[in-house]
Amino acid sequence: MPPDPAVSAVRTAVRRLLGSAAAAPFRGEPLVVACSGGADSLALAAAASHAARHGGIAVHGLVVDHGLQAGSADVAVRAAEQLRELGCSARVIKVEVGTGGGVEAAARHARYTALRDERPPGSLVLLGHTLDDQAETVLLGLGRGSGARSISGMRAVDPPWARPFLGIRRATTEAACAALGLEPWQDPHNSDSRFTRVRLRTEVLPLLEDVLQGGVREALARTARQLREDADALDVMAAEVQSRVEVRGALDAVALKEVPGALRRRVLRSWLLERGIPEITDEHLRAADSLVAEWRGQGGPALPGDFVLRRAHGTLLVEAAGRKPPNV
């Protein structure tokens, strides 16, 4: 008897990702499944375990307990039990969640740090993000005026992370769990309207679906994929430009001026990140770009981390704040 359609869908999604060119460097290595106990990650664990049995590889389940809700330890234990029933090894990791940037961001940072630190070397970490999550990410980026990199959403493979379900609806993972007899945890935070994503999910997206007569989530995910392809191509071109205009850690501003603005700012962003500048915003990039495209002898912008960008003798330099070489 063929498997339930939802089960087939999640298995196919995992099989396709593992067989993709992007995942090729990890072939034959153990798989890690990040599991919250919710429907998305349980369906992912089931599909990964099925693929692993056919491929002869191990699947390790990691359950991160953030300790943010009463009974979180019990939820983590139950998630680990179900992982073992699916044929995965399972371990619960307790993390401390800070307060910087809000609870959602702090929990995400703690979770990703733990998963990165605890995964076996060389392994991919499978995450249960779905098409619905991708649509929410794109909509959030649009609403905040983010650039193409943010609006292009999450990558299917972004080592060590892999997201097989970006083309799968949340309803499909729930149906797969029901067909397999799994018992997903219903996270109360997923219905708490204090969180921005919850309001997008429960208020904004349903309204858009109604006004635009359906297909909005799929359209947003499709937009993300198209933007990602364009952004990847621009990044390749920007890397080639950077290799030509970077000399001993500085940028040739005269040569860089001849490059279109979209590529210039990509070069500047990559170069500033390599210099150790954190949290570069569009405002920082455009201020940096003005030293190239609109040079009038002005001083350079202050940058995060107590650095300043300066133009001297036709080149761009990152300096510690307080140093003042002559502007030329």
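Cβ coordinates come from backbone N, Cα and C, glycine included.
Residues or ranges marked as domain 'tRNA(Ile)-lysidine/2-thiocytidine synthase N-terminal' in TrEMBL: 31-202.
The C-beta environment of Ser41 (ATP binding site), restricted to residues of the same chain at least 6 apart in sequence and closer than 8 Å, consists of Val33, Ala34, Cys35, Ala79, Leu127, Gly128. When secondary structure is read from DSSP and collapsed to three states, Ser41 (ATP binding site) falls in the helix class. Per TrEMBL, ATP binding site is recorded for Ser36, Gly37, Gly38, Ala39, Asp40, Ser41.
Marked as domain 'tRNA(Ile)-lysidine synthase substrate-binding' by TrEMBL: 251-316.
The Cβ of Gly38 has fewer other Cβ atoms within 10 Å than any other of the binding-site residues Gly37, Gly38, Ala39. According to DSSP, the secondary structure content of the domain 'tRNA(Ile)-lysidine synthase substrate-binding' (251-316) in residues is 30 helix, 12 strand, 24 coil. Residue environment of Asp40 (ATP binding site) contains 25 other Cβ atoms, counted within 10 Å of its Cβ in all protein chains. In sequence order, Val63, Val64, Ala79, Gly128, Trp185, Asp187 make up the list of same-chain residues 6 or more apart from Ser36 (ATP binding site) whose Cβ falls under 8 Å from its Cβ.
Per-residue pLDDT, averaged over the domain 'tRNA(Ile)-lysidine synthase substrate-binding' (251-316), rounds to 94.
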